[in-house]
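Visitor: Below are the structure tokens for one structure; questions will follow.
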Amino acid sequence: MALPALALPGQPLGPTSKYTPGPGTHVQSAQIIASICGPVLTSRPLPSSSTSAAGSKPSKTTPLPLEVLSVSRTPLPASTTAASTVGAASAAETSNVLPEVNNIVLARVVRVMARQATVEILVVGDGVVREAFQGVVRVQDIRATEKDKVRVGESFRVGDVVRGIV
């Protein structure tokens, strides 16, 4: 699985067996998950001072340190942003992915009403969409039990990022 250029909260980034979690990420079920929106960065960990002492050689049993996977709050410079790599990507990668039944999506709440919440779908499966789709979360879709006691205003606020299944 290739690393995404841009991560949204809740998006899986990679396994803990391959990467070490860094700033802007957390670990859940042996997966590194994005905690904030921003570009995904990988970096080599700094060598520790105990292994870099003069005259000491790293042993063969010492595993190599894993790359640190982090999500930055600041955008990348123009030369390395996703916009500059879009031209190099194939047309299939840059086309919008339509949500299908049973797809997991990440969406931002844009409006809350008495019977429903309107959301803007940002991620479908593992892919970030180019243009956001509009969706609706109905009051009966919020909870499986006690549907008559659900209040949309108590469940969602404008700006919340929610995960759901289409």
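Here the Cβ of each residue, glycine as well, is placed from N, Cα and C on the backbone.
According to TrEMBL, the record shows the following:
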- 1-25: region 'Disordered' (REGION)
- 1-15: compositional bias 'Low complexity' (COMPBIAS)
- 6-40: domain 'Exosome complex component N-terminal' (DOMAIN)
- 45-65: region 'Disordered' (REGION)
- 45-61: compositional bias 'Low complexity' (COMPBIAS)
- 98-126: domain 'Exosome complex component CSL4 C-terminal' (DOMAIN)
- 130-165: domain 'Exosome complex component CSL4 C-terminal' (DOMAIN)
Visitor: Mean pLDDT over the domain 'Exosome complex component CSL4 C-terminal' (98-126): what is the value?
Guide: 86
Visitor: Using DSSP, break the compositional bias 'Low complexity' (1-15) down into helix, strand and coil residues and give each count.
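Guide: Summed over the compositional bias 'Low complexity' (1-15), the classes give 0 helix, 6 strand, 9 coil.
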Visitor: So which residues does the domain 'Exosome complex component CSL4 C-terminal' (98-126) touch in its own chain, when a touch means Cβ under 8 Å and the partner is 6 or more beyond its ends?
Guide: 1, 4, 8-12, 132-139, 152-153, 155-166
